[in-house]
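Reading through the structure tokens given below for one structure.
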Amino acid sequence: METIDHVILLGAIVMSLGIVLGAFSARFGVPFLLVFLAVGMLAGVDGPGGIRFSDTWLSFLVGNLALAVILLDGGLRTRLATFRVALKPSLSLATVGVLVTAGLVGVFAAWLLGIDWRLGLLLGAIVGSTDAAAVFSLLNSSGIRLKDRVASVLEIESGINDPMAIFLTLTLIEWLTAPEGLTPLGLALRLLVQFGVGGALGLGLGYCLANVLERIRVAEGLQAILLCSGGAMVFAIVQTAGGSGFLAVYLTGMLIGNRERAVTADTMRAMDGMAWLAQSAMFLLLGLLVAPHRIWEVAGPAVAVAAFLMLVARPVAVWLALLPFRFNARETGFIAWMGLRGAVPIVLALFPLLREVPQAGLLFRIAFAVVLASLLFQGTTVSLAARLARVLRPGYPEPLARSRLRGTRAPILEVMQFEVGPNAPVENVRADQLELPPRCRLMTVARDDALAVLDQTVLRAGDSVSVLAPVTSLPMLSALFQAPGRAPTWEQASHDFLLSGDALLRDVAALYGTRALAPEDAPLTLEAAMLRAFTSPPVEGDSVEIAGLPLTVTRMEGARILQVGLLLPRLEGDSGGRLWPRRRKDGGARSGEGAEAE
């Protein structure tokens, strides 16, 4: 009993230490996952903890289960609309990209380490795929908002590229241990089964699980547990059937997350906790598994392999995979730099250990070092890289509270609670005269813990305002209730004010254009002209210049451009600009969709 108590105490200390240090290190841009990995190593055989842990099978089991939970949670948060701009390039990265990365790294590693070229290719396959845990975690915790096209490609790629990496890893292991059974036709069928069975069963079982979740009402905590157990069941069934359980569980999560009544906001919060628990436990355990002094022995070649992967192999693979999809150089460069490696390469490196492949220990140590280097260099520079590549879109503060309105098949409505900020556009506006975006309704105003009478209350800083609104109106509402001076700025294209996408291009060009308008563009709206000018489906944050007008897509709904930002020509020495909504000279507030140029 005393031993059990000590194990529980030690585990709690290690987990708590990882969370506390992670929260502190996040201020300096160090990823949480790197901290958990480091804490696990410190608790291990070479660190102060001195824990001797070498159970490869248990690590493999926990790693697979944790990845299933992480991918399920990532799928829940993936919107089907993102597939409009991201599915094809993501599939290309998940197949061609992984194959090219594995091949280039394999050849380089075989030459550098002087090992069998098949072992080199096996190492390339192990580190060839990006990691869902690392990508989802960093994108969610970095505090930045990427262009939809870029963020969606990164998320979907990390969610669906595991089948190719697993296929390559298992194929090369079989080639090294029992090559006589391998045939080109057999390999092609195996790859087809990995993707085909994984995709089909993932969608089919996800549909069934979504129906169960819609019809069975239990406590929110139990619903999250039911969802996790259902996801684990999907993973196990698909793996048993020969498909990719990782692909299946990601698609299952995506299908459920896009069914409005399948999960509640409270369930999503509970799932977020489940995903963090899975990530932290997995990285702590993998950190325990490795002996740092053994990593140090291969530090030189491992750093060389990591540098080649980050600076050569991944960029070349991304460039080739995205070549047909007209991504610009900045977007391609950022996607290449965001090829984060995390738990997946470490878990894949356990395959050779379990199959007793010659020099499997060397491959494991180098893969572990590559993950450390990726999290340390790529993970800590996400924000900087996004700014340099100009792939940011504007952030907006989250409401104080939000709750989804259920029981309607209308577009998703939420009750959102905002606090009026000092000098916000709505300050000094009478509550019942507040101009809100379309389909938004003012519900209550609270001041000093009491509800105010709407037609007798002038809003002031500190008031709590509740609004019933579609979720698509959140950016506009946030702009209304925050101070203009504190408003987030566009990193990639500033604008002075916003226009409706339905505004006529000729009217705007007549006021602000610096070049003649093409005759065929004259009758078009801003939306139509911009859609013609873009070579690929636009996303929020994309910019284009028409008739000397620098125009930026600031709000979309589906494929429609609803709102456009206009940057006025600058006088010499003038670097200022204002963010909509703007104050009228009479002190009123300008709000709502479709503000026209003055």
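Note that Cβ sites are derived from N, Cα and C of the backbone, with glycine treated the same way.
Look at TrEMBL and you will find 6-25, 32-51, 57-78, 90-113, 119-139, 191-213, 225-253, 273-291, 298-322, 334-354, 366-386 tagged as transmembrane segment. The annotation domain 'RCK C-terminal' is assigned in TrEMBL to 402-483. Feature annotation from TrEMBL assigns region 'Disordered' to 577-598.
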Proximity verdict for the transmembrane segment (298-322) and the transmembrane segment (225-253), three or more C-beta pairs under 8 Å: no
Contact call for the transmembrane segment (191-213) and the transmembrane segment (119-139): at least 3 Cβ pairs under 8 Å, seq gap 6+: no
Best-contacting stretch, by C-beta pairs under 8 Å, relative to the transmembrane segment (57-78) and drawn from 90-113, 119-139, 366-386: 119-139
Model confidence over the domain 'RCK C-terminal' (402-483), averaged pLDDT: 83
Intrachain residues whose Cβ lies under 8 Å of the transmembrane segment (334-354), provided they are six or more past its termini: 33, 56-57, 59-60, 63-64, 66-67, 93, 101, 122, 125-127, 129-135, 138, 150, 153-154, 158, 162, 165-166, 169-170, 173, 279, 282-283, 286, 309-310, 314-315, 318-319, 322, 327, 360-361, 363-364, 367-368, 370-371, 374-375, 378-379, 381-382, 385-386, 389, 391
Residues of the parent chain within Cβ reach of the transmembrane segment (90-113), under 8 Å, 6 or more residues beyond its termini: 119-125, 127-129, 152-153, 156-157, 160-161, 163-165, 168, 301, 304-305, 308-309, 312-314, 316-318, 320-322, 324-325, 335, 339, 362, 366
Best-contacting stretch, by C-beta pairs under 8 Å, relative to the transmembrane segment (32-51) and drawn from 6-25, 119-139, 273-291: 273-291
Three-state composition of the domain 'RCK C-terminal' (402-483), taking helix and strand from DSSP: 17 helix, 28 strand, 37 coil
